[in-house]
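Pulled from TrEMBL:
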{"type": "DOMAIN", "residues": "39-432", "note": "domain 'Amino acid transporter transmembrane'"}
{"type": "TRANSMEM", "residues": "75-97", "note": "transmembrane segment"}
{"type": "TRANSMEM", "residues": "134-156", "note": "transmembrane segment"}
{"type": "TRANSMEM", "residues": "168-186", "note": "transmembrane segment"}
{"type": "TRANSMEM", "residues": "193-216", "note": "transmembrane segment"}
{"type": "TRANSMEM", "residues": "228-251", "note": "transmembrane segment"}
{"type": "TRANSMEM", "residues": "263-286", "note": "transmembrane segment"}
{"type": "TRANSMEM", "residues": "308-332", "note": "transmembrane segment"}
{"type": "TRANSMEM", "residues": "344-368", "note": "transmembrane segment"}
{"type": "TRANSMEM", "residues": "374-396", "note": "transmembrane segment"}
{"type": "TRANSMEM", "residues": "417-441", "note": "transmembrane segment"}
Amino acid sequence: MSNQKQAEEAMVSINDTGHEEKEVSNDESGFSLKSVLWHGGSVYDAWFSCSSNQVAQVLLTLPYSFSQMGMLSGIILQIFYGFLGSWTAYLISVLYVEYRSRKEKERVSFKNHVIQWFEVLDGLLGPTWKAVGLAFNCTFLMFGSVIQLIACASNIYYIDDKFDKRTWTYIFGACCATTVFIPSFHNYRMWSFLGLGMTTYTAWYMTVASIVHGQVKGVVHSGPTKAVLYFTGATNILYTFGGHAVTVEIMHAMWKPKKFKCIYLLATLYVFTLTLPSAAATYWAFGDQLLTHSNAFSLLPRSPWRDAAVILMLIHQFITFGFACTPLYFVWEKVIGMHDTKSILLRALSRLPVVIPIWFFAIIFPFFGPINSAVGALLVSFTVYIIPALAHMLTYRSASARQNAAEKPPFFIPSWTAMYVLNAFIVVWVLVVGFGLGGWASMSNFIKQVDTFGLFAKCYQCPPSTPAKHH
């Protein structure tokens, strides 16, 4: 059995590195600026991609969640969902390796083909699971991209309010459409590094600026006061650590995907150093004022430091938009038969129809705080928590599958039974707390925001002679 496992590992390792190294040797013999900035595939590239993608504009809404839940619950749930998300990312990586090992035994080549999550589900569990995975993943990534555009318009408004937020959404939609020219996750090396630096600056700016500002006069920390607010905040945190909808694509971009096992956990540990201090400090300084300010920038006093943070977050949201859209580009390319096309220009042109519906939804919904929670409850719950846990349980339900598994349970899990119990707990917890209670709370809050926005729009359009002009 050990010899068989070594052979499988060798098979995966050879096929992971073979064609990549050949491409590099043809185009980039020796050291070159292009290889350093453009062509990534190492463990470090994967770590930067996971860390950069995991925390984006949600960094600005976590203080809002703390005001809904209270300081203690906010900290505890960040840690809880951080580790829960790391575990399900590990499950996804195991299933990817299992799928790829089986296919490579059949001499299937993945040259010029990016493996995606729905294909893993199809290969291991059949077409029904493929359809479910494809539907949830694509819908989640589409709305994740929508949120990035909305956040761009919301953030730039704190620097330049000459245009309304909808106009800024038009502008940033056009800018983000240029991500169609980035071929794959191999080519995000420089962007991932820069993106993580930008969120690191913003997080520590929020922390330091809140402490220096001090507590506002008469600050109140009353949360949690209502169940609907509590579970809305909880699902926003669930969404925060649900960024591994692109795990398979990041793994496939690695030269040795088997080394991915602990990368997401290490990324999460770093992200804790950004999200916990910034959310806690901002909530300490402003308290319940955050209940009506889902974007932390709206309360922090304007300064060159804040303007720098806004600009850096705008650039990072462009990068995160690309992360979320690239898997959608791959799906669309496969549908229209353009996925193996070598011309970057032709692939870019074929990808443009993917951006149009994202742009449209971003223009319709001009607020992103409540959308985070709604997406977390209705989509992230299944996409990155429930489906991976169930898929792992079903893939290894037979004794033969467990015996021939490409990956055995990690050292801290004593048996397959313990692994089943842990995965079952995740399914039940997320289904009840994340999807059930979180869905109820998030949709209630979202509908309230839509009604408020509609009332504001009506008041804004009233004739000057009516009392509504004072709104």
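Cβ from N, Cα, C; glycine included.
TrEMBL does not curate its annotations; it predicts them automatically.
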Revision key, fill the gap. The answer for the transmembrane segment (308-332), taking Cβ pairs under 8 Å and residues 6+ beyond its ends, is 49, 52-53, 56-57, 59-60, 114, 116, 118, 134, 137-138, 141-142, 144-145, 148-149, 151-152, 155-156, 158-159, 172, 175-176, 179-180, 182, 184-185, 188, 191-192, 194-195, 198-199, 201-202, 205-206, 245-246, 249, 297, 339, 347, 350-351, 353-355, 358
Revision key, fill the gap. Outside the transmembrane segment (344-368), at least 6 residues beyond either end, the same-chain residues with a Cβ under 8 Å of its Cβ set are 57, 61, 142-143, 145-147, 149-151, 153-154, 165-166, 169-170, 173, 176-177, 180-181, 183, 294-295, 325, 328-329, 332-333, 336, 338, 449, 453
Study note, to complete from the structure: Other same-chain positions with a Cβ less than 8 Å from the transmembrane segment (134-156) and lying at least 6 residues past its termini are 56-57, 60, 116-118, 165-166, 168-169, 172-173, 176, 245-246, 295, 297, 310, 313-314, 317-318, 320-321, 324-325, 327-328, 331, 357-359, 361-362, 365-368, 371-372, 375, 379-380, 382-384, 387
Revision key, fill the gap. Ranking 75-97, 168-186, 374-396 by Cβ pairs under 8 Å to the transmembrane segment (228-251) puts first 75-97
Review point. List, by number or range, the same-chain residues at least 6 past the transmembrane segment (263-286) whose CB is under 8 A from its CB atoms?
Key: 43, 46-47, 50-51, 54-55, 59, 62-63, 65-67, 71, 74-75, 78-79, 82-83, 85-86, 89-90, 93, 199-200, 202-204, 206-208, 210-211, 213-216, 219, 221, 240-241, 244, 247, 293, 296, 299-300
